[in-house]
Structures are given as C-alpha cells and as structure tokens.
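**Q** Please find one structure pasted underneath; my questions will follow.
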Amino acid sequence: MALRLSFLCLLSLAFFVSVNAEDPYRFFDWNVTFGDIYPLGVRQQGILINGQFPGPDIYSVTNDNLIINVHNSLTEPFLLSWNGIQQRRNSWQDGVYGTNCPIPPGKNFTYTLQVKDQIGSFFYFPSLEFHKAAGGFGGIRVLSRPRIPVPFPDPAGDYTLLIGDWYKANHTKLKAILDRGKKLPFPDGILINGRGPNGTSFTVDQGKTYRLRISNVGLQNSLNIRIQGHKMKLVEVEGTHTLQSTYSSLDVHVGQSVSVLVTTDQPIYNYYIIVSSRFTNPVLTTAAVLRYSGSSGPAPIPVPGGPTTQIDWSLTQARTIRTNLTASGPRPNPQGSYHYGMVNTTRTIRLANSAAQINGKQRYAVNSVSFVPADTPLKVADFYKLGGVFRLGSIPSAPTGSREYLDTSVMAADFRAFVEIVFENKENIIQSWHIDGYNFFVVGMDGGQWTPASRNTYNLRDGISRCTIQVYPKSWTAVYMALDNVGMWNIRSEFWARRYLGQQFYLRVYSPVESLRDEYPIPRNALLCGRAAGRRTRPL
C-alpha cells in the first residue's frame, strides 16, 4: 500500500511538471545590505541589492516563474513587494506585512511567483517600515511571448528610468520624524536611476526608436518628464497597451509606471531628459542625458520648461490615456474583447482619504480608519483561523463622516464580484492609490463631489486598465474591478508617509470553496511569526 501511494505521488509530481513545462523558470539570488550612497552629493545609508543602488532589473516573459532568493544582511527585518505583479491565486508572495512575515536579519526567504498572463512595466520595492526612502527598488519588465503580436516594431533599445523624489536624510531619521507624529519636510531633490542632476545618461543612435520604461518610485511627489527636442509616444501603462498618443511632456504620479517610444530624429547632440515635480512650490528639477553616438556637446536648443501646478492640464492629459482595443495583451486576442462596460456592478465601495491628529500625533485615514498593523500578518492569521488579530468589517465601505480612529482595518469582499470603487479626495493635495493583486478599469475622474449621477460621464468603452491611479485635489476617480483573485490584498496610498501613518487597509477576497482552482496553499517555506510562530505550514 505504501509503495502504491509513493508511486501515485511520483506520478502526480511528474504530471505537475509536465503540464507546467511550457513556463520557464528564472532564478535570482539577491543579497540585501546597507551601504554608503551619494545620490545628492552627501553620504547616506542606502539599501543595496547585490551591491547595486538601485537594484538589478528583472527581465522576464509572460508566464515565467520567478524564483527570487532574498538574503537579508541588514540589521533589521525586511520584505520586498512587487508593484503591479498580480500574484494570481497567490497573495502569499505579495511581500507586504499583511501577507508575509518579515525576513529576519541574517536569514533568507525565497519568493516563488509567476507573472501569469501579464506583460508590461513594473517595479519592486521594500515594503517594511520606511525602507523605501533608502533604496532597495528596481525595475521589472515582462515581455510578450514571441508568438503574441505587439502593436509597435521592436525598439532598438529598451531602458528603465526609475524616477522619484529623495531626501538627504537617512531613512531612520525620516521614520523617527513620523514616529513622533510629525510631517515630513519637503524633499531635497529628484533622482533618475539613483543619481542626481546629469548623473545618468543613455547612449542612442540617430534615426532609431527606443523604449523608455518609466516608474515613479518616489515617496510622495507626482513628476513630469520631457525630453529636449523629442516627442514621446505612449504605448503601455502598467501592463496595458494604450492608444499611441504623442506627448511633449507626461505626468507620472507616484507609484505609476508607463512605457514611451522615443525616435532619435534630431541632429547629433546631447539632449536633456528633464524630470520636475508637479503641484509643488518650490519646483524640484533634475536631468539625465540622451547622448547621441558621435555627439560633441549639448544641443543648442532651449531646455523645455514643464507644467507646475496646473490641475486642469494634468486632468485633461489623464483622460487621453486609454486602452488600445485592437492590440493583443498577454494572450493572442484583442484587449477590448472583455467589455467591462457591459457588466453590471454588484457593489459600490467609496474610499475617502483624510488627515487628522489622533492622540496628539499626525495620522492618515481611509473612511476615518487609520490602519494599525497587527502582531501577526493578516493572511497568516486568516489561514490558521487565529482569533483576535483582525475582524472583517473594521472599515466601512463608504465615508461615515466620523472622527478618525485607529484599527486594523480589513474589508470583506466576495470572490467573482464586479465592483465599482470611487476614490474621493476632499483634501488640497493630489493623491495616488494602488491596489495589490489586480488591475482595474479607470472609468471616470472629475472635480467636485462624486454622486450617482457622475456615472453618466463614465467611459465604458476604452478606459485604461492599470493598478495605480491618481485622484486630483477636491476631486474623485472611479474604477471598475472584477474580484477574480482570491487573497488578502493591500489597498494603499502611494504617499509613503501617509501609508506608514495609516492610509491603507486590506481587502479580503474570499471563496468558501478551498480549492487549488481558486488559491494556492500556504508555501512550505512560509515564514511564521506572531501568534502563528511554531506552527507547521504543510507536509512535504
């Protein structure tokens, strides 16, 4: 009997390997350390991955399995998260504290994730504490499979641009400011690929077309990018091929990723790539260099100025970013074959951000609830059915108008529901929201107060599908989302000080059928901590 069971186990394993043989594996071994960096000319403590700041790019193809072994050589716990990677059926690999126990100092953890049915430009970043202010981020590119057509010719080159605001102070000092209940000061500068003004260059040949994958990995500021003497053709946003509109400058809000094509059709000179902050006073500006092969000096044309505080300009541009309905996505069929505008929504969730003093300290909230991390990751507690860690319904699904308060906020949601989410921003700042585990369709955005009548203005045909969206001051943004991914998913402000001080919560997408069809089991190598310490994951 035992021999027969062993044979059946081997047969099952062989079947599993055979049916997954078409999906390649890519292996990464990363050592995370502290090291001295000088991005703005002063020494500070940065987070390096294999000695690099920023970290190495991840190159992959649709459906690749990524095996990423992370060694934590820091003096404090650490986690990496994968901005825009949907982790289909697998929130266990999401890398935020609501789903994963931190990697202790001196230990390692191997992430096993699949870029299932995805293409496009994304990034990874450290999600614990205030580590994002120290580095540890890098680009992710997911290429289409060779047999799937892409709606533009192969570029002559493919470059990652990680742009973001930056502080000269170490992340520990910034965290201490927030822990005292204070607001962060204004950033000191902007980095492009971890370097300050003119510290980064890209060499190109005249007469060719190049792809730039731009991700705003900063802490709070929307940024505008433009290239001296050149136009940018937008072709992809967070995994979705777009209508190929051409822009002289483009707003990229914090947490967002875009791809543009740039044709080097100018005389042979060096041209500036300018990045500046939006909606700020003063305006922060930095530059990289687009260097033509054989050039002897800078171009004699003016450096382009950028927009500063104009909300209407940015809103109008945002409405032009739409899905290319004739292009294939990760599968060989047009992206427009899924008619989201013809699906009835089953629920409306309204989310309002706010700022307040709670117990004499600065906090930020969603629907009046300021998130407090539990002593055990929520996904782990849910799996082991540990009581007292969180409670469903601890955040309302619409603003209540009550005073802000502290709680470990988790919202319940049903698997396969189709929901409308309205982000409402009554503050005077621009906001940016991200939802882990999903893309959503952006159906509308406008100034003023959202009402049911606002649905009459929705774009129900070709709204862009993405995972991070901005909400303008005194404005709203509405999205449609199919809850087709079981798990515990972080919904957060991409303003990192706000997220750190409570402007986030978790959406528990639940299926009553515990099936591998809907969700993978807990990984055998899962780290267990808090109230789950000492338990077993699952037998070999």
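Our numbering is plain: 1 for the first residue shown, then up by one each step along the chain.
Cβ coordinates come from backbone N, Cα and C, glycine included.
Curation plays no part in TrEMBL annotations; they are all automatic predictions.
Annotations for this protein, taken from TrEMBL, read as follows:
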DOMAIN    32-145  domain 'Plastocyanin-like'
DOMAIN    158-295  domain 'Plastocyanin-like'
DOMAIN    377-512  domain 'Plastocyanin-like'
SIGNAL    1-21  signal peptide
**Q** Could you pull the average pLDDT for the domain 'Plastocyanin-like' (377-512)?
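**A** For the domain 'Plastocyanin-like' (377-512), the model's average pLDDT rounds to 98.
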**Q** Over the span of the domain 'Plastocyanin-like' (377-512), count residues by DSSP class, listing helix, strand and coil in order.
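**A** Grouping H, G, I as helix and E, B as strand yields 18 helix, 61 strand, 57 coil.
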**Q** Is it possible to list how many residues within the domain 'Plastocyanin-like' (158-295) are helical, extended or coil according to DSSP?
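**A** For that range the per-state counts are 9 helix, 70 strand, 59 coil.
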